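For reference, TrEMBL has these:
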type	residues	note
SIGNAL	1-23	signal peptide
DOMAIN	29-114	domain 'Copper amine oxidase N2-terminal'
DOMAIN	124-221	domain 'Copper amine oxidase N3-terminal'
DOMAIN	247-659	domain 'Copper amine oxidase catalytic'
ACT_SITE	Asp324	active site, proton acceptor
ACT_SITE	Tyr412	active site, schiff-base intermediate with substrate
MOD_RES	Tyr412	2',4',5'-topaquinone
Amino acid sequence: MASTLKMVFMLLFSIFTISLVSCYKGAHHPLDPLSPKELTLVQTIVKKSYNPSSNNSISFHYVGLDEPEKPTVLSWLSKPSTETLIPRRALVFTRVNEQTHEIIVDLSKRIIVSDEVYKGPGYPLLTADEQVAAIQLPLTYGPFIESAKKRDLNVSYAVCSTFTVGWYGGAERTKRVVKVQCYYNKDTVNLYLRPIEGIQIVVDLDKMEIVEYSDTFKIPVPKADGTDYRFSEQKPPFGPRINGAAIMQTNGPGFEIDGHTIRWVNWEFHLAFDVRVGPIISLASIYDPEKHTYRSVLYRGHISELFVPYMDPTEEYYYKTFFDCGEFGFGQNAASLVPLADCPNNAVFMDGYYAAHDGSTVKVPNAFCIFERHAGDIMWRHTELGIPNRVITEARPEVSLVVRMVATIGNYDHIIDWEFKPSGSIKAQVGLSGVLEVKSTTFTNVDQINEEVYGTLLGDNTIGLNHDHFLTYRLDLDIDGVANSFVKQNLVTKHVNDEVSPRKSYWAVVSETAKTESEAKIRSGMAPSDLVIVNPNKKTKPGNHHGYRLIPGTATHPLLLEDDYPQIRGAFTKYNVWVTPYNKSEVWAGGKYVDQSQGQDTLAVWTLRDRKIENEDIVLWHVVGYHHSPCQEDFPVMPTLSAGFELRPTNFFERNPVLKVLPPKPVRWPNCTTKP
């Protein structure tokens with residue numbers, strides 16, 4: 001059965017690559033995100049099914065495309081037609097009368113296909129609306145008002161924020177609760193740098209009421225001086241002025257957007273918006289001029305989860321171990337990008353849409369920007385000085401295409417970039433900026449510190465807390481087809497045993513193909529190796545398998561104990577590389593229901609089955625990490641810190657694919673006079 005499916009997949013791909021150039025015109029793409037009309041239709045169908053005249057309490061926590069099976073999508077792409085549209089279905093997580101429902105809605109037939117109650121550990125994504133409601137509760141709550149008075153604080157300047165509570169052993173909580181921490185934003189908008197300490201507030205989200213409150217100690221709120229990051233509030237001396245630069249493209253953008261399909265130079269891919277994970281790149285294929293066809297590289301790629309554990313184990317902060325995609329949602333927290341600041345002047349913008357708490361449609365203007373990056377880098381070059389009486393120089397400027405989204409979750413801004421290069425490389429990068437998580441202290445100088453503070457003293461009465469960021473990417477690579485293998489090309493030191501060479505050693509490549517999931521679990525940096533996804537069924541003329549190599553960034557590994565509760569939930573960060581067989585249901589590395597989960601449904605658990613991955617349709621998971629020990633340069637707002645990885649063709653082409661790239665035409669600038 002498996003071999004038959006594999007043959008069908010390969011046949012579909014051979015047809016698919018021939019027809020990519022014109023396949024989307026006039027047809028609804030099966031991987032398009034749900035449109036505003038479809039989101040409204042989901043709201044109508046679901047609410048109608050629960051008898052709106054009754055007292056049923058319904059909230060929508062995830063509404064997204066129920067992704068069609070891959071063979072179905074590939075079959076449609078081989079012969080796209082408005083007459084043979086794939087039925088559109090929505091995956092919906094709701095809360096109905098304090099129970100979690102997982103619903104499949106057939107939008108074509110306007111019916112509910114399935115509706116199952118989830119009774120296991122964990123809860124779905126928090127909605128923006130319920131968080132807004134929760135943070136308003138303390139401001140009219142008598143005990144909190146009294147606590148503010150005891151601290152000589154005007155409650156009208158208090159602003160609060162929600163924090164998930166995690167899981168710390170024992171039976172799961174039976175209530176959806178969050179902790180609420182409040183801040184003092186008088187004389188500054190940088191509220192996260194002025195926490196009001198000593199107050200613990202727990203809110204029941206289903207009942208929307210405060211269920212726990214305590215006020216145990218007082219510490220002065222850090223001063224507002226020097227915390228505001230707005231330019232209008234800055235005072236001399238100023239830093240250097242940054243010269244602006246404009247990209248002139250007289251013929252307009254160098255790319256084409258057709259619905260959600262983007263074509264640029266030799267790339268074609270699909271871009272979608274998801275309330276949970278943000279940008280999803282699908283069907284990324286590159287044109288091979290020697291084969292005269294588009295060749296598949298990435299079927300589907302996106303950030304799957306972001307695990308952010310803080311390193312303060314005290315009663316006030318131990319619970320701050322967040323899963324930003326599964327608990328808060330990258331898409332739900334997408335920021336509207338600002339032209340000329342977030343994106344250059346040659347950018348084109350796209351909106352995003354998601355379902356609110358009541359199921360109504362929320363529009364995120366300028367959720368994505370797409371632009372050509374002219375960074376002044378070199379695509380390739382060589383100067384030949386070895387030929388007598390001649391100097392030969394050839395060079396080509398680097399140009400790339402960038403897809404960008406920014407997710408602002410509380411204090412942190414996550415700048416998510418996908419970059420495509422004509423050479424065939426795909427680079428994924430996340431930049432971190434925003435404001436540090438801090439706590440108040442009595443210390444004003446490091447010489448005063450006589451206890452563990454779990455971070456860095458950044459200024460008077462302000463500790464920036466140590467923490468981690470672990471981003472897990474799901475990369476469904478289909479290198480020239482769905483049947484792929486994962487190869488570890490280990491670099492091994494060899495000894496020279498003959499007496500001819502004066503050398504004593506060299507290194508060689510010893511390849512090892514992973515047969516099952518357990519053989520593909522890798523901690524980066526432990527041994528020198530190249531990690532390659534290959535198509536074992538296709539070779540270049542010299543006989544090398546077509547492949548793409550993962551070039552990781554800095555190797556970062558979890559430092560928490562494996563049996564520590566946050567790490568049990570975030571066990572999918574133990575390795576930097578995982579490989580699994582394709583499974584439509586295995587999308588979110590932290591599981592479907594992450595809030596208060598117990599680590600029962602994660603990538604680490606799925607791989608315990610040790611399934612076959614050789615010459616199969618496989619998915620590469622890559623964990624990118626940072627250990628962040630704050631420093632004063634991060635205060636009061638943090639310069640962007642970036643990390644990522646590259647997917648680079650390895651024996652995929654017969655030779656350098658940009659050897660014959662056409663140089664840009666020279667720009668004729670108008671006459672101008674430069675004064676000395």
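Cβ coordinates come from backbone N, Cα and C, glycine included.
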In angstrom units, rounded to an integer, how far apart are the Cα atoms of the residue listed as 'active site, proton acceptor' and the residue listed as 'active site, schiff-base intermediate with substrate'?
10
Calculate the per-residue pLDDT averaged over the domain 'Copper amine oxidase catalytic' (247-659) and state the result as an integer.
96
Could you give the number of helix, strand and coil residues in the domain 'Copper amine oxidase N3-terminal' (124-221) as assigned by DSSP?
28 helix, 29 strand, 41 coil
